[in-house]
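**Student:** Structure provided below as structure tokens; questions to follow.
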């Protein structure tokens, strides 16, 4: 058969990185990205983009570790190249602090980030309300830069991008051979996936260029993540909340919690509020499916449900999804050659 | 009683503040005066990146190691104060890189989280096979000096913009104690062949994606003659020049190229950084800091001079320990003159 026509639906972090992987593993494919929204208006643009994994209860740990390792290795190389500033990738060191010592002192990713070790007594003095902490160095992907960099590489690889709201995957079956579903929270409306639910996150983006370290409370609610131009202060984890409107009371709460971890933030300027809905799921859905309708077949590769951990595993899941696209292509080629017989 | 401070860099201003804080209450008649021909932002302290880090070896100057420690601890105590941002004070972590294993430095237990680099971290720095990671402090001269100046002005310290040509000029007329914080030009007030310029040049660039300091060391070429990158709150400083005996404060095109090339090799991500400025300055280098008292006959007057100069490339690192030591010397002078009832207790 002629080279496969692949449509990737969704142009957030997952859609763009998956599309890029597909151009790498299948250079002869014709690739189109279709999305209702592009950077800077995606959920990914709200996130700080820190490589600190979220643990999915229903994905095997060794898989999550592999995804994280692949992502870390990929971004590590970019951070140490001349492309680093354009791609928005940089190393950042800091501390994860706990009010009481956690059951698991060594998370599964501790040997992938750099220099992971428990904090010393002297270091903990900076956090009088916290008893235990971990110091390490990890990577941060700033958005929009990272998404724009992915878009640029996609264009260079011959991919096309169109703004289009896809209400039904079957809309695409005439023009495309394979659909890659990277719609994040949009998969709920598109597929009716009951396991997918929003976890609302509100953040502040502020000017505080003297803040050079990340600080994260191990409970996951309060964090300070310094990016290239702004510092992201967070946050909230509101399950099943669909509201994209910033809540002023929440902003005040976030600011106070962050100032108690880092008092110098009192001097932060130009506070901007953002809201995003983490597309959460007990496990990330990276899966092949063949949809059928009235004798027609539509191969679909799903890659959605990354919740709070999208940045940490994006390259790993993108590669896996690209692999599944490869399998779809083989299956199509197999059936088309069978059709010739 | 009047005390004249010569020099308004980090040493002069901090010594003045330390003395003011300790003695104002005990001696209401104390009047401090600061004399300088250069004030912030035109002092040597303003050009320095502001990283707290002593040299690799203290050459047996244990006194200096103690002053470094006092300074770090003093600054650490101020880290969470509302003044920290105005002072230009913040934590900064980073890397010291070597081409061979070296002994741990005297300051390993002063900084936070000191450790050796892991093999994966060393992959970031081809050509370097050994190194340290630690969390230290930044104290930016361009913010700290104005902060010190404001505090001093609030406390009634007077400033005089003039080039002091001799100790005699500022002594007499009730000024019995002169604090000599003249840095590089101390030799003009009193010859000191041990004081030599350690010329440095830096590029100021915009590279806000760099969040760590990186200091390389070439044990053969000596301190600061190997590339370094130090991110500040407004720009990043690239350096790696130390020319002993060179008095030129003109920027050299050759040094510019050498700094740029070597720093970009060290950190490829710098290639897209925008250069926004350049500066050369003279580190007031001396085998050890001159911090001592000298009684001088100036005309028909007897004056006490407290010397506090020769801090090389570690002035910011050591400044508060020296300021406290200078204040202690003043305390003993005051005690001798029975101007203080009991030995001056330094107020921490």
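Glycine residues also receive a Cβ, built from the backbone N, Cα and C atoms like all the rest.
The FAD binding site annotation in TrEMBL covers B:44, B:45, B:49, B:50, B:51, B:164, B:312, B:313, B:314, B:315, B:316, B:317. If you look up TrEMBL, you'll see B:53, B:217 marked as D-dopa binding site. For B:228, B:283, B:313, the entry in TrEMBL reads D-serine binding site. Residues or ranges marked as domain 'FAD dependent oxidoreductase' in TrEMBL: B:2-328. Per TrEMBL, the feature signal peptide maps to B:1-16.
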**Student:** Which residue, of the binding-site residues B:228, B:314, has its CB surrounded by the fewest other CB atoms within 10 A?
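**Tutor:** Minimum Cβ neighbour count within 10 Å, taken over the binding-site residues B:228, B:314, occurs at B:314.
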**Student:** Restricting to the chain of residue B:51 (FAD binding site) and a gap of 6 or more, list residues whose Cβ falls under 8 Å of its Cβ, or answer none.
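**Tutor:** Listed in sequence order: B:92, B:136, B:137, B:138, B:213, B:230, B:316, B:317.
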**Student:** Cα of residue B:228 (D-serine binding site) to Cα of residue B:217 (D-dopa binding site): how many Å, rounded?
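**Tutor:** One finds 9 Å between the Cα atoms of these residues.
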**Student:** Considering the binding-site residues B:217, B:283, which residue's Cβ sits among the greatest number of other Cβ atoms within 10 Å?
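**Tutor:** Within the set of binding-site residues, the most crowded position is B:283.
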**Student:** Sort out for me which one of B:44, B:53 has the most neighbouring CB atoms within 10 A, since those are the binding-site residues we care about.
**Tutor:** B:53
**Student:** Looking only at DSSP and grouping its letters into three states, which state does residue B:283 (D-serine binding site) belong to?
**Tutor:** strand
**Student:** So of all those binding-site residues, B:217, B:283, B:313, which one's Cα sits nearest to residue B:49 (FAD binding site)?
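**Tutor:** That would be B:313, the closest of B:217, B:283, B:313 to residue B:49 (FAD binding site).
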**Student:** Quick one: mean pLDDT on the domain 'FAD dependent oxidoreductase' (B:2-328)?
**Tutor:** 96
**Student:** Below 8 Å Cβ to Cβ and six or more residues apart, same chain only. Which residues does that give for residue B:312 (FAD binding site)?
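**Tutor:** Once residues fewer than 6 apart are set aside, residue B:312 (FAD binding site) is near B:55, B:198, B:283, B:284, B:285, B:286.
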**Student:** Could you state, as a whole number of Å, the largest distance between Cα atoms of any two of B:228, B:283, B:313, the listed D-serine binders?
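**Tutor:** So the binding residues stretch over 16 Å, Cα to Cα.
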**Student:** Nearest to residue B:44 (FAD binding site) in three-dimensional space, by Cα, is which of the binding-site residues B:53, B:217, B:313?
**Tutor:** B:313
**Student:** Quick one: among the binding-site residues B:49, B:316, which has the most Cβ atoms sitting within 10 Å of its own Cβ?
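**Tutor:** Going through B:49, B:316 one by one, the largest Cβ count within 10 Å is at B:316.
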**Student:** Reduce the DSSP letter at residue B:44 (FAD binding site) to three states and note it down.
**Tutor:** helix
